[in-house]
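Under the heading Ca(2+) 1 binding site, Swiss-Prot lists Asp107, Asp109, Asn111, Tyr113, Glu118, citing sequence analysis as support. For Asp155, Asp157, Asp159, Tyr161, Glu166, the entry in Swiss-Prot reads Ca(2+) 2 binding site, with the evidence type sequence analysis. As annotated by Swiss-Prot, domain 'EF-hand 1' applies to 40-58, with the evidence given as sequence analysis. Look at Swiss-Prot and you will find 66-93 tagged as domain 'EF-hand 2'. Positions annotated as domain 'EF-hand 3' by Swiss-Prot, on the basis of sequence analysis: 94-129. Among the features that Swiss-Prot reports, domain 'EF-hand 4' is placed at 142-177, with the record citing sequence analysis.
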Amino acid sequence: MGNQLGTLKKEEVELLQNSSHFDSRELRALYKQFRKDSPSGTINKQEFKEIMTQMGVGDQFLQDLLFNVFDKNKDSTINFQEFVCGLSSITRGTPEEKIEFAFSLYDIDGNGYITRSEMESILESMYKLVGTFVTCSGKKFDPHDLIEEFFDSMDDDGDGYISLEEYKRGTLKNPDIIQGLKLLNQ
């Protein structure tokens, strides 16, 4: 994406506007910075981790998860389109886009289901970042309590796995999760 001169073509801008929540001015500014940070036009995992660290996301496990979600075509690099779409989902996505993004983070192996083991890995990593979890009601949880509550409220069919549809339904019923998704807009 982008021509030899390092600028976005009109068609590329239109494509990205249609697949993101950024306008043409923002896309051009993002592209300029992206090309400055990565003249090759792609970001490898190490470069992505450096960018995430600069943005305040220092946990390596979380950086790996984010990289895997951004890298849609699974070629071990992130191109500009993947970067824009991932950034758009996190920062400006609709509630449904944010729910799907979060599900992709939790579904570490990409099989379409969240397991207790995957949730435990995620929450332990997040717990390291924030130290404790507090809900909107002020109630504190440790990661294992959250996992139990998470599966109790979302695993509708009781099979020990949470599908995307179960996750969507459960998320929309949980004010703590909705509040967390809103925080991503700030």
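Glycine too: its Cβ is placed from the backbone N, Cα and C atoms.
Rounded to a whole value, the Cα-Cα separation of Tyr113 (Ca(2+) 1 binding site) and Glu166 (Ca(2+) 2 binding site) is 10 Å.
Residue counts for the domain 'EF-hand 3' (94-129) under DSSP, helix first, then strand, then coil, are 26 helix, 2 strand, 8 coil.
Of Asp155, Asp159, Tyr161, Glu166, all annotated as binding-site residues, the residue with the shortest Cα distance to Asp109 (Ca(2+) 1 binding site) is Tyr161. Across the structure, Asp155 (Ca(2+) 2 binding site) and Asn111 (Ca(2+) 1 binding site) are spaced 16 Å apart at their Cα atoms.
Within its own chain, the domain 'EF-hand 2' (66-93) has Cβ neighbours under 8 Å at 1-2, 15-16, 19-22, 27, 30-31, 34, 41-45, 48-49, 52, 57, 100-101, 104-105, 108, 110, 184-185, counting only residues six or more beyond its boundaries.
Rounded to the nearest whole angstrom, the C-alpha distance between Asp159 (Ca(2+) 2 binding site) and Asn111 (Ca(2+) 1 binding site) is 15. On its own chain, Asp107 (Ca(2+) 1 binding site) has Tyr113, Ile114, Glu118 as residues at least 6 apart in sequence with a Cβ closer than 8 Å to its own Cβ. Glu166 (Ca(2+) 2 binding site) falls within a helix when secondary structure is assigned with DSSP. Long-range Cβ contacts of Tyr161 (Ca(2+) 2 binding site) within its own chain (separation 6+, distance under 8 Å): Tyr113, Ile114, Thr115, Asp155. Within 8 A of the CB centroid of the Ca(2+) 2 site residues Asp155, Asp157, Asp159, Tyr161, Glu166, the other residues of that chain are Tyr113, Met154, Asp156, Gly158, Gly160, Ile162, Ser163. Most buried of the binding-site residues Asp155, Asp159, judged by other Cβ atoms within 10 Å, is Asp155.
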